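Worksheet: the structure to be examined is printed underneath.
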Amino acid sequence: MSTLFISDIHLCAQRPDMTAALVHFLEHDAVGADALYVLGDLFEFWIGDDDPNPLHQTIADAFLALSQQNVPIYFIHGNRDFLLGQQYAKRAGMTLLGDPCIIELYGERVVLSHGDLLCTLDEGYQKFRRITQLKWLRWLFLRLPLPRRQAIAHKMRGQSQMENAYKSQSIMDVTPAAVDAMLRSHDCRMMIHGHTHRPAIHDFTLDGQPARRIVLGDWFEQGSVLICRPGEQRLEQRPLPQADMASQG
Ligand SMILES: O=C(CCCCNC(=O)Nc1ccc(S(=O)(=O)N2CCN(c3cc(Cl)cc(C(F)(F)F)c3)CC2)cc1)NO
Ligand SMILES: [Mn+2]
């Protein structure tokens, strides 16, 4: 009896070792779980479900196989793959959730979020998020010819890389006030999120009650998975296969 949480795998063609690690995880560790939650940034970028990127089909097949072994799979969008749509979710056997999403986990109410919403000090990013949430803009972007979308994405990823390089680490972390507000507004005392790439379990007091914020790790250097059982949460690392082994598929 266990529920698994992963996030920030940031899959891309340049990192076949991460793809191999995730497929191995889905074919082994995740089999038999009560459910698997993917809390965003599964992919390094996403410009539409119609993107013929072969990586997408490889990953959809692996998730679909797991869902067909009766492991429900849930997905919350990250700041990278926020355009991942119902068409792809269906191909991958995933159910899309909103952000935040409240679940009952072995009798405990838990807030699930990607985590970017909690980084309130990063005003530049919050502005980017508000703009790209606009329905009409998403409608327009997704109808641009694919090469155009690829060019825009390439440019924006370069910009993000530069911006992140000079932004202070502190503004790219969650703000305690935003964490408290999200817990209070949903009457929860446990939160699980990703995005900051700072894996940890933080125990603190909220309105005189014990509270817990669990941050999932990214998969750049090693895999990171949260294993929840009744009354127990364990954050574990998973080694990535050596890059050359992975490229042999
Ligand atoms: O940790 C931190 C910092 C975190 C880093 C924040 N930065 C970050 O995530 N950047 C980023 C995310 C996604 C991509 S993308 O390549 O996947 N792709 C680009 C084009 N997208 C688009 C959509 C729409 Cl609706 C409209 C347009 C428009 F109008 F511009 F054309 C474009 C769709 C998505 C590229 C960069 N803060 O705390
Ligand atoms: Mn993120």
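Glycine residues also receive a Cβ, built from the backbone N, Cα and C atoms like all the rest.
TrEMBL entries are annotated by machine, without manual review.
Taken from TrEMBL, the feature Mn(2+) 1 binding site applies to Asp8, His10, Asp41, His197. Summarising the annotation, TrEMBL assigns Mn(2+) 2 binding site to Asp41, Asn79, His114, His195. According to TrEMBL, the feature substrate binding site maps to Asn79, Arg80, Asp122, Ser160, Asn164, Lys167, His195. Taken from TrEMBL, the feature domain 'Calcineurin-like phosphoesterase' applies to 1-199.
With a cut-off of under 6 Å between the Cβ and any atom of ligand 1, the binding-site residues Asp8, His10, Asp41, His114, Lys167, His197 reduce to an empty set. Of all the binding-site residues listed here (Asp8, Lys167, His197), Asp8 has the Cα closest to the Cα of His114 (Mn(2+) 2 binding site). Across the structure, Asn79 (Mn(2+) 2 binding site) and Ser160 (substrate binding site) are spaced 11 Å apart at their Cα atoms. In space, Asp41 is the closest of the binding-site residues His10, Asp41, His195 to Arg80 (substrate binding site), judged by Cα positions. With respect to Cβ neighbours within 10 Å, the binding-site residues His10, Arg80, Lys167, His195 differ, and Lys167 shows the lowest count. For Asp41 (Mn(2+) 1 binding site), applying a Cβ distance below 8 Å and a minimum sequence separation of six or more within one chain yields Ser7, Asp8, Ile9, His10, Gly78, Asn79, Arg80, Asp81, His114, Gly194, His195, Asp218.
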